[in-house]
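Engineer: Annotation comment: TrEMBL describes 1-36, 543-565 as region 'Disordered'. For 1-11, the entry in TrEMBL reads compositional bias 'Polar residues'. Look at TrEMBL and you will find 90-112, 132-153, 165-186, 192-213, 225-247, 253-272, 343-366, 378-398, 410-431, 437-462, 474-493, 505-524 tagged as transmembrane segment. Annotation source TrEMBL lists domain 'Major facilitator superfamily (MFS) profile' at 92-528.
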Amino acid sequence: MGNGTKATQQRQPEEDRADLASTAEEEEREQLTAPSNLHYIQPSFISLISEKQWKPDVERQQDVPVYGRTTMATTILTQEAHTNGARMQLIMSILANLTVLSSGMGLGYSAITLHALTSEDNPMRMNSSQASWFASISSFACPLGGLVSGYLLDRIGRKKTLMLINVLSIVSWALIAVCSTTNFDLMYTQILIARVIIGIVIGLVSAPASIYSAEIATPKMRGRLTVLTSLSIAVGILLIYSMGYAVPDDFRLVAGLAAGICVLSLALLLFMPESPAWLMSKDREEEAERSLKKIRGYGAYSQRIPEVEKELMRMRDNVLAQRRAGQESFLRLLKQPQVYKPLGIIIGFFGFQQFSGIFVIVVYAAKVSSEASVSMDPFLCTVLIGITRVVATMLVAYILDTLGRKPPSIFSGVGMLVCMFGLALCSYFPPIESLNWIPTVLILTYIFTSTLGFLTMPFSMLAELFPQAVRGPASGVTVFFTYLMSFCTIKLYPTMVELLGSANVFLIYGAVSLLGVLYVIYVVPETKGKSLQEIEDYFRGMSHGSTPSQEVEEDEVSNLSSESV
């Protein structure tokens, strides 16, 4: 009995020391995981990927964990990694969106070449019908690119899809650059084939770049990175306008310069890692981990990073959710109000966008400037149009987060109708010499106001309105009808001017803008501050009494951005 009591007394100090050590270690770890110390790597001894067993290779088995199992947890400051991660996200998104420059250049190319191709001094000039096909046929081919885009993204990944798009762009621009200089029929055929290819590129390119940016971005960076696609289109338009201004009489040289930009973009893509989310969807988990570490600023760091593992776990959960959602038929889901109502609303919104003349101004910028009695060099006017659109696009990200969707759209529509009615008056009553700056200001104001609302808001709302289960196919259907309407408006513009006169065409565009404002006020819902579930319930006829927490909203926006097109 005495011996037992003595043994118990000897063990007591040892247990106390063990408890003190355990408590000290626990307190240190709590300090490391406090909100103020989120830049420290937290201890991790097991993989957090539970859906599928990791298959470590020889190199991974030799890795040393961030924290030893038997020693006191060592703090590793990762502030540098977080800074590098933000920089890497920006650089990789820029590399992905360099491909989008070709889309913008393709949209604006006809604006700076139609003048030379239809000039009376050109022995191989196009007539008005041929010129309208040259300008519009790319829009006719866009839906095909949109339909193929989803298949390529899933089958070969984001990076290889972007590389393929650059190859197609190079072929298209090179075909124009080397087109015949002596045989008109051959030249016209080569140019049309090139324009069809660039139309497919326009349909292909926006989804891969924006999806890649969304998938690699952290929630804080996502809004800024996903707007890079719209900005790249605007920069591409500005580039081609500037080249047209510098080389107004040689459309082949301009095409050659555009091809050179695409070659540079293709070369830079070699340094871009594949999307971790796509790699995870193909069960290539170790590749996904290496890619995510590189994007998050850890480079070739071989140790296990808990925050990376947690992000990989969320990717696995998203993959499983998407696979379950994909089992239901789109046609059956289309009968549900939360599907057919937003589909009708967004197609209508795109209809007002297209028939208010937004893309007509982009495609026929120099021609419209001349018809609107602009006194300055029409090519210089196109450059100013390009600059205006770039500036307005840079403001869109801020506007989306602060003002919502409806107020900017209403302001945009009102500005567009005022500018179009003003251009109509300038066509009816040409301004005196001292006021000949008015048409230029009206066109630039039209570009600025349209970019702030009607041009960008339908695209930003495209993924918000649809439930996750139908977001892909419903977006594809919407884009198909959008490009079809774009083809109609661009193809018909020269005929409308010929039959009605430019002043009456401007009046029609202004009237459509007015109807668009009424449509936004009474039909289009406001989605700012609403979760995806609230939007879906709104179309079901249900309502919520409370707003979801910021954490829930942030997770849903993350899922939304990674699937938007």
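Glycine too: its Cβ is placed from the backbone N, Cα and C atoms.
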Engineer: Go through the chain and flag residues at least 6 beyond the ends of the transmembrane segment (253-272) whose CB is under 8 A from any CB in it; none is fine as an answer.
Structural biologist: 92, 95-96, 98-99, 101-102, 105, 109, 112-113, 159, 162-163, 166-167, 169-170, 173-174, 176-177, 194, 239-240, 243-244, 247
Engineer: Per the definition of 3+ C-beta pairs under 8 A with sequence separation of 6 or more, do the transmembrane segment (410-431) and the transmembrane segment (474-493) touch?
Structural biologist: no
Engineer: Kindly say whether the transmembrane segment (132-153) and the transmembrane segment (474-493) touch, using the definition of 3 or more Cβ pairs under 8 Å where each pair is 6 or more positions apart.
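Structural biologist: Contact criterion met.
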Engineer: Taking residues 6+ outside the transmembrane segment (378-398), which of them lie with a CB under 8 Å of any CB in it?
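Structural biologist: Non-local partners: 108, 111-112, 115, 223-224, 227, 230-231, 233-235, 237-239, 241-242, 244-245, 248, 361-362, 365-367, 369-370, 440, 443-444, 447-448, 451-452, 456, 460.
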Engineer: For the transmembrane segment (437-462), find every same-chain residue at least 6 residues outside the stretch whose CB is under 8 Å from a CB in it, and list them.
Structural biologist: 230, 234, 346, 349-350, 352-353, 356, 358, 361, 368-369, 372-376, 381, 384-385, 388-389, 391-393, 395-396, 399-400, 405, 408-416, 419-420, 422-423, 426, 431, 475, 478-479, 482, 513, 516, 524, 527, 564-565
Engineer: Can you tell me which of 90-112, 225-247, 474-493, 505-524 gets the most C-beta pairs within less than 8 Å of the transmembrane segment (165-186)?
Structural biologist: 90-112
